[in-house]
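Straight from TrEMBL, the features:
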DOMAIN    16-213  domain 'Peptidase M12A'
BINDING   HIS110, HIS114, HIS120  Zn(2+) binding site
ACT_SITE  GLU111  active site
DOMAIN    265-306  domain 'ShKT'
Amino acid sequence: MCWHTSLNDEISLKKVAIEDLWMWPNQTVPYKCTFYDKDFISVMNTAMRAIEAKTCIRFVPCGNRASNECLVIHSTDDSICQSTVGRQYPKQSFMLLNLRECKLPGLLQHELLHTIGFQHEHSRPDRDTFVVVKWDNVKEYAVTNFEKFSWSSFPVNTPYDYGSIMHYSEYSFAKARGKRTVLTFKAAARVIGQREKMSRWDIYKVNKLYQCPEQGNVCKDILAKTSCIKQGLLKLECKNIKWARENCMKTCNLCWPYTKSGNACKDSSPICPFWAKKGLCDENKWTGLRSKHLVAKWCAKSCNSCANY
């Protein structure tokens, strides 16, 4: 069984408010993998893009940052999918993932939301009003995963969300097969434990905690379009997320969700056809942009990469 949980043995949020210490600066999570598995990394990218599409959180390569400023993703042969909760700096933020058992976009979204700063929904202090934990059927090693935390670990107040991607299922960590570990008071609530996508309240909480602009707000460049193209795209300042947010959000494609309208597929720069003609849609041909696939993202129409972004 895949053990998908947060790490709370040495790193505890019980007495520390998330907003004080545990948020990622500039709504940006730098990350790096200590392994190379093309298929798994593709699934991880899908999970990251799903979060980015609904929030202003951005996952970017660690680059030259110190390791403890980044999320470090490790592989393990153990049957686990684990993540620290929130940014742990100056300690290390990390994930431990079994590459076979954790290879599901929804499950990885669950772990990434831990990384962003969210606890399990069933760990809310008011959870006993909504669910009952059958402690006698919970495997001993997983008991801590069902503990309640104080409200300081849940900085965004929302209704209890049975449909949250952060909620355990009825049978999570059950000793006896077919017997539930979590009972709900509503028959209609037996959808707990879904790992398909973030719920409406999951999305709301991320955007509220990180003060994301509302989707209705205009996302625009502060600098002139020509300056954004010259500095952001040609001089690669778009790779500097802080600079991009402050100066050229639209040109650097940091609007959320990514610039699309229905089935429309657009370029973010008039220079895109030229880049595509030069073959720069293939990140391997321009190593300076390889880590972020910037050309393919900026030039989705010219690069025929809309399906990826």
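Even glycines carry a Cβ here, placed using N, Cα and C.
Because TrEMBL annotations are produced automatically, they should be read as predictions rather than curated entries.
Bear in mind that the values here come from a model prediction, so they are computed numbers and not experimental data.
HIS120 (Zn(2+) binding site) and GLU111 (active site) are 10 Å apart (CA-CA, integer value). Under the three-state DSSP scheme, HIS120 (Zn(2+) binding site) falls in the coil class. When secondary structure is read from DSSP and collapsed to three states, GLU111 (active site) falls in the helix class. Take the CB of HIS110 (Zn(2+) binding site) and look out to 10 A: across all protein chains shown you find 27 other CB atoms.
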